[in-house]
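What follows is a set of notes on a single structure, which appears directly below.
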Amino acid sequence: MKTLNSQVAIEGKNIVKYFPSGETNTKVLQGISLKIMQGEFISIMGPSGSGKSTLLYILSGLDSPTSGSVYINGTDISHFQDEKMSRMRRQQVGFVFQFYNLIPNLNVEENIMLPLLLDGKKIRDYRKQLDHILQMVGLLNRRKHTPRQLSGGQQQRVAIARALITNPQILFADEPTGNLDSKTGLEIINLLKTINHEYGQTIIMVTHSPEAAKSSNRIIIIQDGLIIDNESGASYLQSSNIYSPPMSSGMFYGHEQHQA
Amino acid sequence: MFILTIILKYILTNLKEHKLRTSVMLLSILLSTILLFVSLSIGASYESAQKKMARGMTGSATISVTTKDSATGISLDDIPDLPEIGVKVGIITGSAIYHKEGYYESMDLIAAEIKALNQINKLRLVNGEEITDFSGNQVILPDRFTSKFSIEKGDLITLQVKGMPVTFEVGEIAAYDTIFLRQTRGTTALFPLDTLRKLVSQTDGYNEILIEPAKGVTTAELKNALQNNMPNHIYDISEIVNEAQIAADARQKSMPFFLISFFALTISVFIIYSSYKVVTLDRLPIIGTFRSIGATEKEVTKVFLFESLIYGLLGGLFGIPIGMLILKFILRGIGKTLSNGIEIPVIISPLSIILPFAVAMVVSISSSWLPIRRASRLPIKDIVLGRVDEKHVSNKATILIGIVLFIISIILPRIAPKSMLYPAGGFSLLGLITAAILNIPLITNLISSGMERLYEVIFKGEGKLSARNIRDNKNVTQNIALLFISLSAVIVISVVGNFVTTYIIDVFHGAELDGLANGDMDQSFVEKVRNMDGIKKILPIYIMENSVQANRNNLIRLEATDNLDWYSSMFALNYSNGLLEQAFYEFHHERNILLSENCMDRTGISVNDIISLSYNGMEYRYRVIGSFKSRATDAEAVIPSYYATQDFGMQTYKLLAYTAVDPEAIIIQIRDLFGETPNWSRTVKEFTTDALATVEAFLQPMHSMTWLILLLATVGVINNLLINYIQKRRSIAMYKSVGLSNRQNIQITLLEGFSSGLIGAVIAVFVSYLEIQTIFLVAGPKITMVPELKHSTFILAGIAGIVINLIGSVAPILKSHQMKLVEEIKFE
Ligand SMILES: Nc1ncnc2c1ncn2[C@@H]1O[C@H](COP(=O)(O)OP(=O)(O)OP(=O)(O)O)[C@@H](O)[C@H]1O
Ligand SMILES: [Mg+2]
């Protein structure tokens, strides 16, 4: 088990996001600030439409904020031009989507290697790394399959492998289990947990599942575009009355918990 | 019912919102209908024009009756009143020579009752009026002749008739059409009946009576009836033209149009089908939603079929009237030249209306039905969640079928018996295209695997990705298939079109000949020409027309030469059955003879026969050492000069063929040399220019049609690229989400466009080469000319394909620059 070091992995400062809709603007994020340390496994929760995905896209550089800034490793990425932003995306972050978003005509291996290829890396230098990751996600014997030959859970594992192949600073996941049955979902969460646990991989995950959130070491609750709980999420989980077992997220990694 | 209304409303808004895609789809249906209609109609019109040209003066008359004794005339009363007879026209014929500025033009003079003549072949005056008051020393001449010699209506011209000068007034100028059309050189001139009667001293009866069969009566029946009712020892009853031959020739010359129809059909099927497939795929989520709120599969299918029915109807309803306008326009494009050229009869057959209409409907409906049916088999959940990507079929069976079909298509036209050549050719053309389409995924995968390695070295990861992206990618395969069909259509049509153009215009094609002098020439004349500056080769030839019999068959034209080698190359003799080198050598040493293949067919003589040539009651035995085909000479037989002088007393040359540095200068000197002696002397260039002037208008439609098919192909490719972008949008977003930059996107998209263009072009070049082979195998036995395959045609078409694809990549690049990444990834 790795211990958390106290370096900031990513920091959001007063992030605001408007979407123009007709005459008026929809204020989706109303000034969000947060700091996430390296090695943390964060769950972001909140009601539907509260701005969770929007926040994740902005943090990962897939979208840009209307105002405010995002620092990854101390660098403000919110004003990056396409070329820099693309490089940041393939080197510093990994993203796992609810619907996997694999390239259908590429096989498992090729999908995983994609970010390296785009980064101008020689594939053959990364054979070992690939094997290692394939083993980790349990797809060693599926490497030549195309996405449509895989189950949902397997596809999501490929997506995770692809997000990890570049050794990113942060792994983002937007409802990675949202499209899976609860058993498969749990397997994916366990995989993320292992990755976080054994390799100290920083993970920021949006989820609706208390079960999944339980595995992280901090829960951030968002409502109406604002962070209402930055700590444990206990109040949210209780008030929404969807969470029956006692809150235990702090128990696992209690000693590692970090105050933002 | 409520749901149907909702879906219908949805479709209407969809039409409004996807204006571009809808209009491209409608446009392609419309264009296909138009093109199919126009090409079928022009093909038919063209074929009938060719037939008309081949019939020439005799028009719809098919039987000619003459007396065996040419001294006595034949009167209309000599022909019994038979029900098989439609129209009979008495014709008086004569000949004359026109001489001006060194040119000698031979003239066939004809006269007939104008009213009767109009019934079999309507005379058309340039000024569009009817003939009135045609009598006395008037003559009607075709404008092809008058324009060449700058003769106007009302001018006086002098003709040498039986060596005597007679002066006539040009009463009218007629179009070079109907009775003035001819297959041989020279000019036909029409005279008032009484005038020509006096001129050729044919006071009673006619020289010839032309008979048109009554409605529903065949030429053979008419001929039979006449033979049974007229004394055979007095009258010669003969068929004027070989209908079957004419039909075959005409079909051959209108081949490009039917090829255009064929390709128009294949391209349309492809475009329409692929459009529908994508539209349905694009609408899958909506279909799923409708299904999930309770619309049955049938209801959804019905609505979509209804939609495509509307497209098909629109295509058909607008396509055919627009097609008629375009048809008129294309044929009118000849407008300027129409008055003085051959009028192309506009033939709109029921087939040319029904077929395009049916195609528009059937193809639209079945194209929309197939993808919908496929969609309806998918689980609703998958559709709703947008998890349907197209299955990629790399079915071994498909590939095997493709390969087998390919091989059969190549072999079939080569082994098919003569009677089955056309069906075999049709099968082969269709088979080659189908086989190519079936195998495109395989070929593309193979080539892209190679490219993947190559590109990785040259362009790094982006290169590898772009090559990889082509593989196992249905969009790309489809794009390549469409590009391939379009390009091969353009290649095949232009090669065949050029061929037909050359074939029609340039009878001296492939002949190593610069000029011809026709007239009486003695040895000293030949020597003078031989000594002219810049002369390279000179070949004097004896000609005997209708004076020698081969095994009792009249030889229409027997020629004699002392240099078979030169003779062969100057008149582009084609020894299709082979001729031994030795035969060339031996030819001059014995009584040897070469016969044209037509002559052999006609007389039943074959190679190696010993035949008798009879002349003036004497008989000589000649050995047939070979057979030939040629378009540059009308000779039926060729013998050595030495025996022509020995056996037939030839002394005066009739024809002089030459090659020279400056053919123009030589022909002027030759005309000088002839002086007042009638002669027909032309350079080959002059001859071809004359021929071109006549048929140019005739060939114009072919060029217009080639453009139209290019237009259809372009619309198809644009349509496809648009579709491609719709389908690629999402995957570009996915690439971007893992760090693809715009620069990389440009690089990959361009490389992809280039590579798939290259593959399409390579396949197109290869397959169209095979198609051309098939076409000429089918048409070949009757053609004496070898098609010329210019590398440039193939290369240009290939480059065009690549360029089209590159241009097509621009839109996706621009569009993906403005792409809202997050919105593409979030599935709405
Ligand atoms: N492109 C857009 N244009 C306009 N409004 C948008 C756009 N994208 C998101 N929104 C709005 O922003 C709000 C937040 O959306 P977001 O997807 O971040 O919610 P979420 O918290 O992820 O919800 P869920 O849990 O349902 O995924 C929503 O009200 C949504 O309507
Ligand atoms: Mg969300």
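Cβ from N, Cα, C; glycine included.
Copied over from TrEMBL, here are the features:
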type	residues	note
DOMAIN	B:259-379	domain 'ABC3 transporter permease C-terminal'
DOMAIN	B:705-816	domain 'ABC3 transporter permease C-terminal'
TRANSMEM	B:255-276	transmembrane segment
TRANSMEM	B:308-331	transmembrane segment
TRANSMEM	B:351-372	transmembrane segment
TRANSMEM	B:393-415	transmembrane segment
TRANSMEM	B:421-443	transmembrane segment
TRANSMEM	B:480-505	transmembrane segment
TRANSMEM	B:705-727	transmembrane segment
TRANSMEM	B:748-772	transmembrane segment
TRANSMEM	B:792-814	transmembrane segment
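In this chain, the transmembrane segment (B:748-772) lies in contact with the transmembrane segment (B:421-443); the count of Cβ pairs under 8 Å, excluding pairs fewer than 6 apart in sequence, is at least 3. Sequence-distant neighbours of the transmembrane segment (B:393-415) (same chain, 6+ residues past either end, Cβ-Cβ under 8 Å): 421, 424-425, 427-429, 431-432, 434-439, 441-442, 445, 472, 770, 774, 777-778. Taking the domain 'ABC3 transporter permease C-terminal' (B:705-816) as a whole, pLDDT averages 81 in the prediction.
Touching of the transmembrane segment (B:255-276) and the transmembrane segment (B:792-814) is ruled out by the presence of fewer than three CB pairs under 8 A, sequence neighbours closer than 6 excluded.
Broken down with DSSP, the domain 'ABC3 transporter permease C-terminal' (B:705-816) shows 100 helix, 0 strand, 12 coil.
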